[in-house]
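> I'd like to ask some things about the structure below.
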């Protein structure tokens, strides 16, 4: 009787185990069928900066806060504003200025919609809340610049491991949108989240002036170390199978190598460099606006420009920006004038005040859609920075071969 009970129990357990295995195999088989091809209704697809734009994320200026004046912020801002950061770090940007920036971006969204583009917005968040990790404490900044945190490559959205402590939790504003895109069939990748421990930064980075930056950048010295991967998505610019990136104050070689391995073999990641005293984000220095057509900042010449000329590219130097010297640019340079958004090869969104670059585009046969975002510029970005294109109507091609 005891032996019969043991055998009966063994048979039952074996039968149950076999049932579970069969069910698991069936589930796997069903999953394979469901997930192998990219669904036809996938909302995410963008290979370059100029194919016809169909859907875009536009950032929010609401609740934007001045980042605390830490070593990485100091290394990326101009000395004339250091007092501003020391006084207002962790607090709101000036309320009146912020109100005008919010209104400008709302108008920009309306104009994009009028041009037939679907516009999505991140969630509003209170960026003044203090937070603490085992390695640092900070307050937040904003969700104004989706180009900094999100990189779309084909049908994949990559969340960047940004280098500023004030931006550690910025991804939270975009999670609702990214989950929707994932549910539509997109790939969703989060690069290794940096600890942002003290070792990621040169705590004694010897910077006192712009001249110091020239010398340090020329020597390949940056405030970020190679302690762990970090990069801002805005240090990458896409041209089909070829993606160009710069080593900057916020993007290190480990971050670039992570991207190179992650995107291989379908995409080639090329490091290019510039004569730039403060390398941070490539799109106001080297902005690709069409197949074989690039705006190259005359104040920050590209050291590898012959690579593009030999490939038959047309290299255009945009005119000197017209923005007044007294206009506050707390987080950027005047060259946001070339930080434009291409709606397609023949339409560009450009600053309504920058008449010189408007004429340049018109000579190229490109129609200008004029929008005023001067107050929004003060927060650190132009049209390219304030947006992340989610879907452009086009296919993957090579433009460098």
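These residue numbers are counts, starting from 1, taken along the chain as shown.
Quick reminder: no glycine exception, Cβ is built from N, Cα and C everywhere.
Feature table excerpt (TrEMBL):
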type     : residues : note
ACT_SITE : 232      : active site
ACT_SITE : 281      : active site
ACT_SITE : 385      : active site, amidino-cysteine intermediate
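Context for these features, please: burial, neighbours, distances.
Around residue 232 (active site), taking its Cβ as the centre, 25 other Cβ atoms fall within 10 Å, counting all chains.
Taking Cβ-Cβ distances under 8 Å and a sequence gap of 6 or more within the same chain, the neighbours of residue 281 (active site) are 148, 232, 234, 235, 248, 250, 385.
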> When you measure from the Cβ of residue 385 (active site, amidino-cysteine intermediate), how many other Cβ atoms are you left with inside 10 Å?
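Result for residue 385 (active site, amidino-cysteine intermediate): 26 other Cβ atoms within 10 Å.
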